[in-house]
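Pulled from Swiss-Prot:
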BINDING   Asp127, Asp298, Asp337  Mn(2+) 2 binding site
BINDING   Asp127, Gly128  Mn(2+) 1 binding site
DOMAIN    94-346  domain 'PPM-type phosphatase'
MOD_RES   Ser248  phosphoserine
REGION    46-61  region 'Critical for association with the BCKDH complex'
TRANSIT   1-29  transit peptide
Amino acid sequence: MSTAALLTLVRSGGNQVRRRVLLRARGLQDDRWVMPTCHSSTSEPKWSRFDPDGSGRPATWDNFGIWDNRLEEPILLPPSIKYGKPIPKVSLQNVGSASQIGKRKENEDRFGFAQLTNEVLYFAVYDGHGGPAAADFCHTHMEKCILDLLPKEENLETVLTLAFLEIDKTFARHAHLSADATLLTSGTTATVALLRDGIELVIASVGDSRAILCRKGKPMKLTIDHTPERKDEKERIKKCGGFVAWNSLGQPHVNGRLAMTRSLGDLDLKTSGVIAEPETKRIKLHHADDSFLVLTTDGINFMVNSQEICDFVNQCHDPNEAAHAVTEQAIQYGTEDNTTAVVVPFGAWGKYKNSEITFSFSRSFASSGRWA
């Protein structure tokens, strides 16, 4: 749709779009749509963005591929004019999250989401190992580090790369000044997403936590695991003087210790080729087709494949229920690890609810065949 057509629609007969624009212009926020912490058959039903009339049915779709007039959700006017089509606002209050300890003694996963500027939203998961210190450090300091870089750099991929490297250096200084020797072996994965103007999505990652975009009901993988199984990663480890050894389960580890080749922290393995530089990816969202972004830690990824994650989320009433459903499914499949999921809804949320779910009874046993 052209910019002129969009403005004409806003000024004249486009009641739904006009109302959203007016709400935005008056500075009204969408904090009226409070997400329930979880969804269950026994909990009192609450109206939300995903069931505005309390009917138990999702909102229908208008010809833009975004929510119809039962939703008083504003569009982002400047980006909509810039891109020539309505771009719905992504509200943090509609983001779903869940984190479960599993069978571990401690939950070393961390996650967060925040509005950094008027244009930029932040979402992240961190999966710590060797204690929670590195994950805690990233969870505490990553937002501010990115925020400090945004005025200096337009390219969000560059922003995230610089932020990862700076956080890693700062954690190293912190560890060397500390009397706690365990900090030298503490590390974490990091998968961070920035969303600018509701349409530009940029992902950076180190380790094996993942980001998946559900487009037309199918998963689009936005990250690639950094493991010694990757030829390029293994070659770097060897060139730096490190080695790869396999454990009793046939899983490769750097120097027999770490299952990933990139991380934040793990200071004792820096000279063996474990680096903090992330791989990045930038995509343009299509809200008519894109249902959600989901960030997951490996307690989920090792048990639930990408299509299954999309299917489970698509069957859920709201993102918070979806995040809990995904973590619970990994536990049912037999994971012993911490499980964390962050679900960010986009314009096509609920559009692909008819996706079929294939349940694997063999994986529902505690052993699941993976840990036998």
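Positions of Cβ are set from backbone N, Cα and C atoms, glycine also.
Sequence features, as recorded in Swiss-Prot, placed on the structure.
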| residue | record | Cβ contacts under 8 Å, 6 or more apart |
| --- | --- | --- |
| Asp127 | Mn(2+) 2 binding site | Glu108, Asp109, Ala135, Thr188, Thr189, Gly207, Asp208, Ser209, Thr297, Asp298, Gly299, Asn338, Thr340 |
| Gly128 | Mn(2+) 1 binding site | Glu108, Asp109, Arg110, Ala134, Ala135, Asp136, Ser186, Gly187, Thr188 |
| Ser248 | phosphoserine | none |
| Asp337 | Mn(2+) 2 binding site | Gly102, Lys103, Arg104, Thr297, Asp298, Gly299, Phe302 |
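Confidence for the domain 'PPM-type phosphatase' (94-346), expressed as mean pLDDT, is 97. Asp298 (Mn(2+) 2 binding site) counts 24 other C-beta atoms within 10 Å of its own C-beta, drawing on all protein chains shown. Take the mean position of the Cβ atoms of Asp127, Asp298, Asp337, the recorded Mn(2+) 2 site; other residues of that chain with a Cβ within 8 Å of it are Asp109, Thr189, Asp208, Ser209, Thr297, Gly299, Ile300, Asn301, Phe302, Asn338, Thr339, Thr340.
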